[in-house]
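These come from Swiss-Prot:
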- H117: active site, pros-phosphohistidine intermediate (ACT_SITE)
- K11, F59, R87, T93, R104, N114: ATP binding site (BINDING)
Amino acid sequence: MANERTLSIIKPDGVEKGVIGQVIARFEKAGLKPIAMKMTHLSQAEAEGFYAVHKARPFFNDLVKFMTSGPVVLMVLEGEGAVAKNREIMGATDPAKAAAGTIRKDFASNIEKNTVHGSDSAENAKIEVSYFFPETAIHTYEWKKA
């Protein structure tokens, strides 16, 4: 499996619950290296642009409202099979259906406030990463085992 990058977002509910460090620790434990990270409060335009693929869906306005309701943590994660690994760690979109030990099972309230976002494909990961991070803001490095 190839080394790849994926976008991860700790959503406003995850920030509000104070689980940022726990979420990042789970990624690192699974071999996903944060190579870019920032906390920001998305504007309506940023959220609408990012989720434009869902514009015709009935949940679009609620999603944008939620994603602009508080700060988020944006991250680029790098590692072998990063997209699939991130999705496995996050768990099912609906926390009620998520496996035990996943981020959503452990921290999410419901399908709307499900704590994290992760790219769903390598192709979308490239688009999503570039939406929030110019290449100059991404810093790859080698892990030295402790």
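From the backbone N, Cα and C atoms, a Cβ is placed for every residue, glycine too.
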Per DSSP, three-state class assigned to F59 (ATP binding site): coil
Spatial separation of H117 (active site, pros-phosphohistidine intermediate) from F59 (ATP binding site) - C-alpha basis, Å: 15
Structural state of R104 (ATP binding site), classified by DSSP into three states: helix
Between K11 (ATP binding site) and H117 (active site, pros-phosphohistidine intermediate), the C-alpha gap once rounded to whole angstrom: 7
For the recorded positions K11, R87, R104, H117, the one whose C-beta sees the most other C-beta atoms within 10 angstroms: R104
H117 (active site, pros-phosphohistidine intermediate) and R104 (ATP binding site), distance between Cα atoms, whole Å: 10
Among K11, F59, R87, T93, R104, N114, the record's ATP binders - longest CA distance, Å: 21
Under 8 Å by Cβ from T93 (ATP binding site), same chain, sequence gap 6 or more: R104, I111, N114
Those binding-site residues listed as F59, N114, and which of them has the most Cβ atoms within 10 Å of its own Cβ: N114
Integer Å distance between the CA atoms belonging to the residue listed as 'active site, pros-phosphohistidine intermediate' and R87 (ATP binding site): 9
